[in-house]
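Taken straight from Swiss-Prot:
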type    : residues                               : note
BINDING : 104, 105, 137, 222, 223, 224, 225, 280 : pyridoxal 5'-phosphate binding site
BINDING : 140, 279                               : N(2)-acetyl-L-ornithine binding site
MOD_RES : 251                                    : N6-(pyridoxal phosphate)lysine
């Protein structure tokens, strides 16, 4: 039997990733084990994906049951799990219509295409400007990576889609300066993830809503990372009490099973008439059965309330550790999406702490070169939390 090790990755895989040296082979809850049987506490959740932990019993049961019924039938047909999930999302959010895809990038691609199509249908081709924010991240398709405000990801692929304008995040005056009647949409993350876990201010998001209303533009919330309970609310827009026209969701929606969704209103959805946009696998029964169970669990008020309590404990513990090590300039975030910015002396070295944490049996993330990112399972146990912080303190002890 072939023993697959990290060196084989370099021999057979395209090198657009540089994975860790250890290979996880099994996970349960917030524990992960590698090929050698070493135990890790997972403070990453697969980048805010496995929000119910690894191999959650309820999710495994649903997946097993659906796997014996129907896997795929294409969008020439619909399915019961697809309709059940769409119904749940409509019941629990502002949305009246849902489209399913396979990832966050696809959800954002669909949202941007819908915004442009809606503008063409109602105002003409000249209304095509998209306003986005510097250091944002919306996916890796040519359209979404161009809308994301990071040249390191978007440069080098030839001409980019036109009529995309980037302005500073949390700067309403900058948006006002470029907003006009040719703007079809503003797309924003309620919390910028890849740039360092930067929450939007209440006034900023409320101001975007008002500007969009004034200029007949659509407001798109990219909740790929903040959605499905991550902030302590089912979706972050509920915390801010600012309702978007289009919302995108993915990551935690499938708890590790690939699925994405675009949510919008009935009126806006009319612009996606039959054949205008599509997907082969979007809304497949396996993914939707899993996601419906995820929504059932996470949307329960006691579950969401516990996330907020766990968030308070997590932030408090980070502050206590920082009082001892003094490595963090700022600790910020919402719910269980938390960033700890390193002091200037350690700028550019966040990835070093990630590697050291792994050596100590802890999985953490970066959010840019200066920020450690924490996104544990929303239902992480007290035992796993305590053990994880013990290993984090060891990691940060200089």
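Placed from the backbone N, Cα and C atoms, the Cβ positions cover glycine too.
Small disclaimer: the values here were computed from a predicted structure and weren't measured.
Structure with Swiss-Prot features highlighted.
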{"residue": "104", "record": "pyridoxal 5'-phosphate binding site", "DSSP class": "helix"}
{"residue": "137", "record": "pyridoxal 5'-phosphate binding site", "DSSP class": "coil"}
{"residue": "222", "record": "pyridoxal 5'-phosphate binding site", "DSSP class": "strand"}
{"residue": "251", "record": "N6-(pyridoxal phosphate)lysine", "DSSP class": "helix"}
{"residue": "279", "record": "N(2)-acetyl-L-ornithine binding site", "DSSP class": "coil"}
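Neighbour counts were taken as the number of other C-beta atoms within 10 angstroms of each residue's C-beta; across the binding-site residues 225, 279, 280, the minimum falls on 280. Under a cutoff of 8 A between CB atoms, and with a sequence separation of 6+ in the same chain, the neighbours of the residue listed as 'N6-(pyridoxal phosphate)lysine' are 47, 48, 49, 104, 224, 225, 227, 228. Comparing the binding-site residues 104, 105, 137, 140, 224 on other C-beta atoms within 10 angstroms of each C-beta gives the minimum for 140. A 10 Å radius around the C-alpha of residue 140 (N(2)-acetyl-L-ornithine binding site) takes in these binding-site residues out of 105, 222, 223, 280, in sequence order: 105. If you take the C-beta of residue 222 (pyridoxal 5'-phosphate binding site) and look for same-chain residues 6 or more apart in sequence within under 8 angstroms, you find 104, 108, 111, 136, 138, 187, 188, 189, 248.
Per Cα geometry, 105 is the residue among the binding-site residues 105, 137, 223 nearest to residue 279 (N(2)-acetyl-L-ornithine binding site). As a whole number, the greatest separation of Cα atoms within the pyridoxal 5'-phosphate-binding residue list 104, 105, 137, 222, 223, 224, 225, 280 is 25 Å. Listed in sequence order, the residues of the same chain lying 6 or more apart from residue 223 (pyridoxal 5'-phosphate binding site) and placing their CB within less than 8 Å of its CB are 189, 190, 235, 236, 237, 247, 248, 249.
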